Amino acid sequence: MRRVLLLLLPVASSLVGRSSSFSLLPNRQRPPTATTPGGAVVIPSSHPRRRRHPPLPLLPPPSRLVAVNDYYHSNNSVVTSRRVGRGAAVVAGSSSSDDTDGAEEGGEGSTTSTTTTTGGGTASVPNEIFNLVKSIVGAGVLSIPAGIAAFGDAPAAVYPAVLVIALIGGLSAYGFSLIGRVCSYTGARTYRDAWSRSVGDDSSWIPAVTVTLKTTFAVLSYSMILADTVRDLLAGATGCRGVSRTGALLGITTTALFPLCMVRNLSGLAPFSLVGVAGMFYTAFAMAARYLGGSYSVGLAATTAAGGKKKVAATVAAATTTGAVGRYVADVSANLRPTFGSVGASGALSPNVFILVCLLSTAYMAHFNAPKFYVELKNNTLRRYNAVVASSFGISVLLFASIGSLGFLTFGKACSGLILNNYSGGDALMGLSRLAVAVSIVFSFPLVFAGARDGWLDLLRVPVDDRTDAVLTTTTVAVLSGVTLLASRLRELAFIMSFAGATMGNALIYVYPALMFRGAVRGMGERAGKGLRREVPFAMFTALLGVAMGGIGAKMALGLL
């Protein structure tokens, strides 16, 4: 029996890296250990037992570890890895017997860094990419042509516009990535929780207010889009152009939006958002077909903005009789017909370009859902998470650039805040696009509205237990009535999109993620790697850039009224 115990003794001592509370060694022979906040056990290398029976063989093969930003992430486990000096080795504790461990031994004088990966997610990378694209691509993309028209009226304005779309898309992706990384470093699972753990709980109301206002503006923009889209659909289906915008909005609100907003379980509505994604890709295809086919082209004399709208309308009317213009131009209102001038790429140097920037801040907005995407990702290493972010925003950039360019190249300076308004009500190809967008918004509306309503109840400090059916009904009627009233009065969708992007959008995309990242790195203290500490100034630069873009953009957006 004694020989058996002697044989088992080395194995048992090597297991001390797995649990500091288990050892077959007598107390006087146990190596002194220290446990990190993440559960890792640090064993000084100077102890003889540590040198005789090192725990390093327990580490997983290198192929199962993914190094990202000076961190090691182990598959499907909660891992704490620390970079230490020569005097210590690290064995990371796992959440279950199936989890793997990660360790790294640094050189003398190296700093220590800590990260946490939250296991349990079931979504694959392709599923996450599809869902994130679905979250990013929404009605905001339909205002991008108007953002280009805000600073240029010649086809050459498309070139700097595409660069701006790509640049803002990259910065938005970086902010989205920062939020997921903060969740990884702190173990947060929601946007507000990430703020509380990195910046402080006392100020967590700041992002809560911002998200509530942003969702309220999103609901308002949805109502404005529905007012125009439903009116055009009814006019195209019945041939009656006497339907007013306000009447169409009141009709869709009372018959569809209000009943859907009163539904308590909204999970059954989520699949309808797929219609919106398919509709946006279809819209890009239809816009390309109409642009390349010349269905909305006009003669050169009719495209000069300097000639005035009356001269343009007269020229188009004369050219229509000779067949010199596209087949649908005569059906479009005079102020929405193609109008081009001489301001091309140079227009991007004017302050008006910030209108496009702020429109994009609304279009790319999905950042309050970043923690959800990180937590739900299967094997949520930062490398896999960043792959999801890069692919999703890359696809979105291509779609935004396509719709923005095609809309502007077709209508120029006349681009409406909702580009679908520029197309004829009798255009069947674009009519399908209107229908897809309308169906998508109708069924997405209650999902966004629920977030806005719950946000206002939170700000009013109404406890969840006190949110009875009567309270929810009253709140729904109050918020929906206010939104509908504003939507019936406001007609410039580009203003709503750009102003919301300049204020709340820039804060959620650029400012808050940078502040949370800085707070998370500061919270690590000496454990933060040099790469992270060097990245903080760049992150704060993006925050200052967001503040500057937001200030200029808000001023320019007010000029649209």
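The count begins at 1 with the first shown residue.
Just so you know, glycine gets a Cβ as well, placed from its N, Cα and C.
What TrEMBL says about a protein is an automatic prediction, not a curated fact.
Look at TrEMBL and you will find 122-516 tagged as domain 'Amino acid transporter transmembrane'.
Look at TrEMBL and you will find 22-60 (among others) tagged as region 'Disordered'.
As annotated by TrEMBL, region 'Disordered' applies to 90-122 (among others).
Residues annotated as signal peptide in TrEMBL: 1-21.
The transmembrane segment annotation in TrEMBL covers 132-151 (among others). Here the transmembrane segment (132-151) has long-range neighbours at 157-158, 161, 165, 221-222, 225, 273-274, 276-277, 280, 283, 343, 347-348, 350, 352-353, 355-357, 359-360, 362-366, 369, 373, 388-389, 392-393, 395-396, 399-400, 403-408, 411-420, 437, 441, 444, 493-494, 497-498, 556, 560, meaning same-chain residues at least 6 beyond its ends whose C-beta is under 8 angstroms from one of its own.
Among the features that TrEMBL reports, transmembrane segment is placed at 158-179 (among others).
Outside the transmembrane segment (205-227), and at least 6 residues removed from its termini, the chain residues within Cβ reach (under 8 Å) are 139-140, 142, 191-192, 195, 245-246, 248-249, 252-253, 257, 362, 365, 368, 418, 437-438, 441-442, 444-445, 448-449, 451-452, 455-456, 458-459, 479, 483-484, 486-488, 490-491, 493, 496-497, 500, 503-505, 507-508, 512. Per TrEMBL, the feature transmembrane segment maps to 205-227 (among others).
Per TrEMBL, transmembrane segment is recorded for 248-266 (among others).
According to TrEMBL, the feature transmembrane segment maps to 272-292 (among others).
Taken from TrEMBL, the feature transmembrane segment covers 312-330 (among others).
Annotation comment: TrEMBL describes 342-366 (among others) as transmembrane segment.
Residues annotated as transmembrane segment in TrEMBL: 387-411 (among others). Nonlocal intrachain contacts for the transmembrane segment (387-411), taken as residues 6+ away from its ends with a CB within less than 8 angstroms of a stretch CB, comprise 125, 128-129, 132-133, 136-137, 141-142, 144-145, 147-149, 155, 157-158, 161-162, 165-166, 169-170, 172-173, 176-177, 180, 280-281, 283-284, 287-288, 290-291, 296, 336-339, 360, 363-364, 373, 377, 419, 422.
Look at TrEMBL and you will find 431-449 (among others) tagged as transmembrane segment. Long-range Cβ contacts of the transmembrane segment (431-449) within its own chain (Cβ-Cβ under 8 Å, at least 6 residues beyond either end) map to 138-139, 142, 215, 218-219, 222-223, 225-226, 229-230, 232-233, 236, 252, 256-257, 260-261, 263, 266, 269-270, 272-273, 275-276, 278-280, 282-283, 286, 420, 425, 476, 479-480.
Summarising the annotation, TrEMBL assigns transmembrane segment to 493-515 (among others).
The transmembrane segment annotation in TrEMBL covers 536-558 (among others).
Note on the transmembrane segment (342-366): residues 132, 135-136, 138, 140-141, 143-144, 146-148, 150-157, 159-161, 164-165, 168-169, 172, 176, 214, 221, 393, 396, 400, 494, 497-502, 505-506, 508-509, 549-550, 552-557, 560 of its chain, located 6 or more positions outside it, place their CB under 8 angstroms from a CB of the stretch. Away from its own ends, the transmembrane segment (272-292) comes close to residues 133-134, 137-139, 141-142, 328, 399, 402-403, 406-407, 409-410, 419-420, 423, 427, 429-430, 432-433, 436-437, 439-441, 443-444, 447 of its chain (Cβ-Cβ under 8 Å, at least six residues beyond either end). Within its own chain, the transmembrane segment (493-515) is flanked in space by residues 140, 143, 146-147, 150, 171-172, 175-176, 178-179, 182, 195, 198-199, 206-207, 210-211, 213-214, 217-218, 220-221, 224-225, 228, 354-355, 357-365, 367-368, 416-418, 539-540, 542-543, 545-547, 549-551, 553-554, 556-558, 560-561, which lie at least six positions past its ends and keep a Cβ under 8 Å from the stretch.
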